[in-house]
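Q: Right, I'll just put the structure down here and ask away after.
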Amino acid sequence: MDFLNAVVALANFVLIPATAYGAQLALGALGVTLIYGILRFSNFAHGDTMAFGTMATILVTWALQAAGISLGPLPTALLALPAGIAITALLLLGTDRAVYRFYREQKAKPVILVIVSMGVMFILNGLVRFIIGPDDHRFADGARFLIDARTFREMTGLAEGLAIRTSQAITIVTAVVVVALLFWFLNRTRTGKSMRAFSDNEDLALLSGINPERVVAITWIIVAALATTAGVLYGLDKSFKAFTYFQLLLPIFAAAIVGGLGNPLGAIAGGFLIAYSEVTITYAWKKVLTYLLPDGMAPEGLVQLLSTEYKFAVSFVILVIVLLFRPTGIFRGKSV
Amino acid sequence: MKPRDMALFALVALLILGTGYLQSWNAALNILNMGLISAIMALGVNMQWGYAGLFNVGVMGFVALGGLGAVLVAMPPVGESWSAGGLRVLFALGIGVGVIVGAIQLWRRMARGALRGLAMVVWLVAGFFVFRAVFDPAVAAIEAVNPAATGYLGGLGLPVLFGWPVGALLAAGAAWVIGKTALGLRSDYLAIATLGIAEIVIAVLKNEEWLTRGVKNVIGIPRPVPYEVDLQADPGFVERAAGFGLDPVTASTLYVKLLYAGLFAIVLIALIWLSQMALRSPWGRMMRAIRDNEVAAEAMGKDVKARHLQIFILGSAVCGLAGAMMITLDSQLTPASYQPLRFTFLVWVMVIVGGSGNNFGAVLGGFLIWFLWVQVEPFGAFLMEVLTSGMAADSALRAHLLDSVAHMRLLTMGVILLLVLRFSPRGLIPER
């Protein structure tokens, strides 16, 4: 029995990756939940918005790398991120102008907007594949590890190593900063308050002189920032592939719904809940259990509850359980 | 149908005939066959969305289950695998179902409180480990039997046509489970739930090698029509082909495709007839009344939830049928080829463009969108060739543009969907 090594192995293979993944999902879910709160529809194009933002950032990163600019140990993509966000914001404002505004003025039913967002999804998906292709791209540069496994072992003398990748550390730090900024904006600034007012009661907000078009435009800009950041962090952590981002739609929506659609705090909680469950259920526990159990009782198999391919099933099952027992999510969401 | 609708169908027929004259008759028949299957999928989605307003974005899952049905019926059984672990796998699955049923009973019978929650968790966790303890060795045994050629249980070895209703039943069963849990919830939740179940179905098909051979694919599924090589070896056929002025190879491929087209057309016509009858019957009017005003329909004593469940199962079964037919046409099951954009969202484009709520609209959309899906790529390549002809031959941008033409179809589908939604929101043949 070796408690310390078990804790280190657990942190290395479960806690750190799941926290990074949870932060990425939370940022994605925040975007979904904001659109739902302000524009009142589920945006199926969100995964592809993330892909587009990441693609824009990658292109700028390549340009910076070609110009010989880098951030030293940090990935160049962080420097390119504001540009990526700006490009994505322009794209989203453009689609709102060309597509969504028409239905908003008509007061179309939310489900029509969902179908419209399916059309936007096709276009963004095609656009991303057209520009950067359907292949895998790795664009992380700079130092790979904050602490690598070998240094940790030498430092502590433990048998297990603990590695923290730069991308994971950056993900967590960036997510904290972005979420803090978002909540400060929503709760403290005039514009943020007007957004919340609009989300709570549209008619009352209009009566008190809030300009709906301005609220919508700001929402799209914030969504562009959230989606691009989430996408770039995910891409730095794993890799960029258009189809993977499309598939992220499911865990992101699960996170937003589990937390309560329209509730930003819920989106964050949902993101971490989904991420931790996915990673713990698809992780092979053999190593940790071998340390924890007395000698001779170590498990023979991998003790993996489900193979990694079934990770979608995990988000799905959590979603269904929450919906059955608490249909508006853990934190009360809204329903239209 | 009005004259305008007839004209639209004539246009689609012209497009397919044009493909025959300009490209090849094999290409035209390929489009026709998949168009027929697409039309059936569109009919299924139209039942759910057009009649009842149910938002199902898990079409891919039901289509794939239909394909699984065809495999399970048509492939010859692998006796060695069955004796290695077939019964054990069935026993394990029985345990799995028993655990779930037991959990539901436990939940219903026990009094509310922490004890019930605890009992549930203990029961489920224990059940899961018992299930895995029986299931895993059986699966390992099956997959060890000649993995290069079989490594799975095989099917029943019956004619593949029996697989079509079985595929529909499998899809209907899945729809029942989803409908029971998700239909009472809001439309967005149903959408996400179906999206999830479709991904899970594909994950199962990809990973449960004992059932489907996973990514090793099931190939050579027996066909309901003769094989080309047999036809070419048949002197009578060669003679008749020569009578049409065709060489035996072309003639045999065309003949086989025409037979498929005939089979599919029979199914499609039967389905159109049935759904037209259903839509015009009191049942159809009730469905549309529920769609348009659930509260009023409920006040009139209609059981909205049961009706929704019914139509959800029916529509999914039709999608499953189409999936089984597609597997029959391809003679193979390739789980990795199921992509949501192609099998879920494209079918939605078909229904919306064709006209939701109108069976003929959905069928027209199926043919038209499938034609465009196939033809946008060569047309886009031609267009791009012309557009970039001014650039230098070794220009990197030109090479990139020409390479990327393949992705034009997604873009085109999105543009078509948005244009139709904007300027003709009720589709080409609107509901009447």
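Numbers run from 1 along the shown chain.
Glycine residues also receive a Cβ, built from the backbone N, Cα and C atoms like all the rest.
In case it's useful when we look at the structure, here is the feature table from TrEMBL:
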- B:32-49: transmembrane segment (TRANSMEM)
- B:54-75: transmembrane segment (TRANSMEM)
- B:87-107: transmembrane segment (TRANSMEM)
- B:114-135: transmembrane segment (TRANSMEM)
- B:155-177: transmembrane segment (TRANSMEM)
- B:189-205: transmembrane segment (TRANSMEM)
- B:258-279: transmembrane segment (TRANSMEM)
- B:309-329: transmembrane segment (TRANSMEM)
- B:341-360: transmembrane segment (TRANSMEM)
Q: Restricting to CB pairs under 8 Å, which listed stretch, B:87-107, B:114-135, B:155-177, B:189-205, B:258-279, is in contact most with the transmembrane segment (B:54-75)?
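A: Result: B:155-177.
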Q: Using Cβ atoms and a strict cutoff of less than 8 Å, what residues sit near the transmembrane segment (B:87-107) while being 6 or more residues removed from its termini?
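A: Answer is 116, 119-120, 123-124, 127-128, 130-131, 134-135, 137-139, 141-142, 153, 210.
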Q: Ranking B:114-135, B:189-205, B:258-279, B:309-329, B:341-360 by Cβ pairs under 8 Å to the transmembrane segment (B:32-49), which is first?
A: B:309-329
Q: Check the transmembrane segment (B:258-279) against the transmembrane segment (B:341-360) for contact, please; criterion is three or more CB pairs under 8 Å, pairs 6 or more apart in sequence.
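A: Yes, the stretches contact each other.
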Q: Let me spell it out: take the transmembrane segment (B:341-360), skip the flanking residues so only those 6+ beyond its ends count, and list any with a Cβ under 8 Å from a Cβ in it.
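A: Distant Cβ neighbours of the transmembrane segment (B:341-360) are 1, 5, 9, 38-39, 41-43, 45-46, 49-51, 57-60, 63-64, 195, 198, 272, 275-276, 279, 288, 319, 366, 368-370, 373, 410, 413, 416-417, 420-421, 426-432.
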Q: Would you kindly list the residues that approach the transmembrane segment (B:189-205) from elsewhere in its chain, counting only those six or more residues past its ends and only Cβ-Cβ distances under 8 Å?
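A: Distant contacts of the transmembrane segment (B:189-205): 54-62, 64-65, 68, 174, 178, 181-183, 211-212, 214, 333, 335, 338, 340, 344.
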Q: Looking only at residues six or more beyond either end of the transmembrane segment (B:155-177), which have a C-beta under 8 A from one in the stretch?
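A: Same-chain contacts beyond the flanks: 61-63, 65-77, 197, 201, 221-224, 267, 309, 312-321, 323-325, 327-328.
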